[in-house]
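Everything below concerns the one structure shown next.
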Amino acid sequence: MSERLLLHDDEGRPMAFYISPSDPNREKYHKIITDNGGYIEPSETIALKTGYIQLSSYPVPNRETFSFQFIDDYVTRGQTVYLEAYKYPPGKRRHDEALDEQDVETAKAMAQAMSKKAKGPPKSTTKFTAAADNYILEQVRLKPRYRTSHKFFEQLAKHDLLRGHTGNSVRSRYRAHLEHKLSYVYKTDENDNLLYDDKGKPIVLEVSEAKTMKNRFTADDDYNLCVSIINHVLNTQDHDTLHTADDKTRLPEDQLNEANFSVSISFFDEFARTNTNHSSSSWRDRYRKFARVYGLQRYRDDYQRAIEAGEKPQPMKNLTSRESKSEKKAQLSAKKLRAQAYAPPRMDIHDQALLASELGHHQHHLSHQLDSAGVAAVANLAVGQRALDEEIGGKNTNDNIDDALHNVGVDSDRVQIDDQLTDVRALGIHDFDGLELKVDADSQDPWARYMVYLPRDVHSKALFTDKFLSEPHAIDDARSLLTKLGEDAFGVLFDEFEKLGFTRAFVGHILKVTSSSVRYINDYLLLLRDALNNGDMDMSSVLFPRGHNGLWTPESDLWLKEGHMERLMFHDGDSIELRRQFLGL
């Protein structure tokens, strides 16, 4: 039996599991399970009805859950292990009841265990050594045309000297630290074979003289992608939703509303396994930037008409509606002028005193206790951040960020950011529509790994530091900060929010809930301020606000991915489109 089929039963059927969308290790184990032949059920409702095994990073109250260690042991041993041994003890009480001594000891033990695990392999195996750097450079010199190819770095990461690194981390290392050291490459023929001079030595070229390889998409590629996605959504989404127009009228049976298409990252992973001429991220970019703009059904029909007419079909053109540079520049200037003309008012002394009084009066509401599951989750966050700081080691954050984050489990359920942020503008306090921090699956921006949902039963200490409680105008200062963001927006936002008393984990949660949109971050901060002024503040409602346009939860993410648009009626078209981009759908 091949390794890929390890998670099949005796009759050759895939073993089925469910992992909560909010679990910090979901992405990691989704890949391990599917790579080994297993199946991840995306719908919690279906999983409960069918009795699928729920895997989790920590116990879930009122649920039968099992540790991810079961998957690790099952795959490592290559044989059956007893599932029952990996079952979590059931949650004993609600989140608002106090912990007993056993809970405290359990939390301490979990924190110690996770601290050991977070350190991962010896640092020599995770850091990029001088030998590894030289090896990367030499491999690029040998294959200069491939230096812009994702697949090249994915293959390179499998070489013995680079084991322990991902293709993305190798590519990021090259682009951020090594590319300027390349200095020369070797000349190759059209088949990428080395060419030698009269003395039998490889011919050296200036880097600028060596062309790069652009693995272009063909018409057949585009047609195959469009047809496969159309078939995929027809097989996985509600047909009434697909045949409902934006104005709620019914579309003809042969026409689908592509705005309601929901295509997950796992689709492109699977598609790339059978269509190996492009990587998963390349196929996904082709869908997002070309097929969705051109129209999948339109291209399918154009292709078929060309074939019937005996003509050669053409690949899709990039028809994305980009504004001219002059128009963008004019709009940017106008935004800056409005921002300069408006100075956000500071709270007067009376209002500051009032808010300080409110915070002081309700401070006990920020001290909710947890059940053991919540303690484990908070321990995971705390240990993860500490281990990340140790692994990164000071300011040199780019060297091993991918591996450090992988070791501490921060990179799960993540979104990623473009290498070069775009559309970051100076905004007035009432003008929050212009900033959506763009996301892209190929980015290595370290801040992106913090954009994960917090556990539902999280303690308030995972949200705020003592600094927050001593700053009565912290939320207003945070809102004012939104008007000053520049191209280094993420670094500024995390650093400045932390100075105001927000924890890094909570800032990441806010960005996750708001799709990194300044407009919705402002809405969330207003909601948070109202909640803090409310003596009956419910922590879960603060973390996961329901029924608010632009504010998302794990459940609404799942509805979007599964195409249940009827459950997202409170989100407008802008919010839904922004969320699709944020999640890479």
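The backbone N, Cα and C atoms fix where each Cβ goes, and this holds for glycine too.
According to TrEMBL:
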- 216-320: domain 'Rap1 DNA-binding' (DOMAIN)
- 309-330: region 'Disordered' (REGION)
- 320-330: compositional bias 'Basic and acidic residues' (COMPBIAS)
- 497-583: domain 'TRF2-interacting telomeric protein/Rap1 C-terminal' (DOMAIN)
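Here the domain 'TRF2-interacting telomeric protein/Rap1 C-terminal' (497-583) is broken down by DSSP into helix, strand and coil counts: 58 helix, 2 strand, 27 coil. For the domain 'Rap1 DNA-binding' (216-320), the number of residues in each DSSP class (helix H, G, I; strand E, B; coil) is 63 helix, 2 strand, 40 coil. Mean model confidence of the domain 'TRF2-interacting telomeric protein/Rap1 C-terminal' (497-583) amounts to 83 (pLDDT, 0 to 100 scale).
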